[in-house]
Amino acid sequence: MEKRIVCLAGDGVGPEVMESAKEVLHMVERLYGHHFHLQDEYFGGVAIDLTGQPLPQRTLAACLASDAVLLGAVGGPRWDSAKERPEKGLLALRKGLGVFANVRPVTVESATAHLSPLKNADEIDFVVVRELTGGIYFSYPKERTEEVATDTLTYHRHEIERIVSYAFQLANKRKKKVTSIDKANVLESSKLWRTVTEEVALRYPNVEVEHILVDAAAMELIRNPGRFDVIVTENLFGDILSDEASVLAGSLGMLPSASHAEKGPSLYEPIHGSAPDIAGKNKANPIAMMRSVAMMLGQSFGLTREGYAIEEAVSAVLKSGKCTADIGGTETTTSFTKAVIQEMEEQALVGRGR
């Protein structure tokens, strides 16, 4: 298989974890006979420094012409007072790609379960599906005076149906349960959300559906996260709940994410930030970036075997006791990456020997 991947290393630790992603992809090429064209482009703060814009037209054009986009990290205090903010580039990139579904799998490795704030954390295995295009972030009018500020929350039926349908399709491949989170006891948009969800559910009779109010859901994520399989919710609720869910893994350096469009390339990135305090120190945890690569291989390219090989190698290295400082170890970004690559090669040799 031959695919073009645009690599947006970005800021902070982004270039370091992107290098780990590239090394993993090179090993996949070698082990499975694929070829990936890796195209580097400027994005975020580094793009502001060079071009004055966080998302140069050249970068967006390259992304649109690609088969998938990998993003390292964006932002940092260096640009806090800048006229253009790096984070604006991420919103513009999402809009330019037309992505509507942000997907965050939340799992906990048995080797690092003790780092989770919860007991029995190794039983956690769910996915948060967040709608990205509608809701209070993108609805108008938005107004502010000295005395009054107004935001508008609008959702169209087609936006709800599109994201909920995606969630049901995903659940149909997993444990066959969808939890829709809303505030239907108060908000008109949530009442429509619940109605459309029930209509979509009729098309998936083998998938269980439940509705939970967002305040109760925030509590259940901590009290009983094992009840969830696929969570689907609107933009604001998803923004908050996905961040809450991310702490269950014990470190932000562990979890990947994907943002999908109806057509065209998807965007894959670790959920952690740019971590400017450790940038350039070879301390960043590359696991979330590696898992983002695994998601890309499986979800965009249909290379499930190759994606699984990365996941298995990461798990094996963690079980061996090797880990970076954020999860209690002494490995560097490069040494942990090297260990994963060696494990991939060893597992491939064992598999062929059988």
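Just so it is clear, glycine is given a Cβ too, placed from its N, Cα and C backbone atoms.
Because the structure is a prediction, the values reported are computed rather than measured.
Look at D277 (NAD(+) binding site): DSSP puts it in coil. Look at Swiss-Prot and you will find 76-87, 273-285 tagged as NAD(+) binding site, backed by sequence analysis.
Positions annotated as substrate binding site by Swiss-Prot, on the basis of sequence analysis: R94, R104, R130, D215. Taken residue by residue with DSSP, D215 (substrate binding site) is part of a helix. Within 10 Å of the C-beta atom of D215 (substrate binding site) sit 12 other C-beta atoms, taking all shown protein chains into account.
For the recorded site, Y137 (site 'Important for catalysis'), the DSSP three-state label reads coil. Sequence annotations record features per position, and here Swiss-Prot assigns site 'Important for catalysis' to Y137 (among others).
In the three-state DSSP scheme, K183 (site 'Important for catalysis') is classed as coil. Shown in sequence order, S190, L213, V214, D215, F237 are the residues of the chain, 6+ apart in sequence, with a C-beta less than 8 angstroms from the C-beta of K183 (site 'Important for catalysis'). Taken from Swiss-Prot, the feature site 'Important for catalysis' applies to K183 (among others), supported by sequence analysis.
Taken residue by residue with DSSP, D239 (Mg(2+) binding site) is part of a helix. Listed in sequence order, R130 are the same-chain residues six or more apart from D239 (Mg(2+) binding site) with CB atoms under 8 A from its CB. If you look up Swiss-Prot, you'll see D215, D239, D243 marked as Mg(2+) binding site.
Within 10 Å of the C-beta of G76 (NAD(+) binding site) there are 22 other C-beta atoms, taking all protein chains into account. The binding-site residues under consideration are D80, G273, K281. Their Cβ neighbour counts within 10 Å are lowest for D80. For the pair G76 (NAD(+) binding site) and D243 (Mg(2+) binding site), the C-alpha distance works out to 19 angstrom.
Taking the mean position of the Cβ atoms of D215, D239, D243 as the Mg(2+) site, the remaining same-chain residues with a Cβ inside 8 Å of that point are V214, A218, L236, F237, G238, I240, L241, S242, E244. Taking a C-beta cut-off of under 8 angstroms and a sequence separation of 6 or more, N285 (NAD(+) binding site) has the following same-chain neighbours: V17, S251, G253, M254, H272, C323, T324, D326, I327, T333, F336.
Listed in sequence order, I48, G52, Q53, P54 are the same-chain residues at least 6 apart in sequence whose CB falls under 8 Å from the CB of E84 (NAD(+) binding site). Within its own chain, Y137 (site 'Important for catalysis') has N235, L236 as residues 6 or more apart in sequence whose C-beta sits under 8 angstroms from its own.
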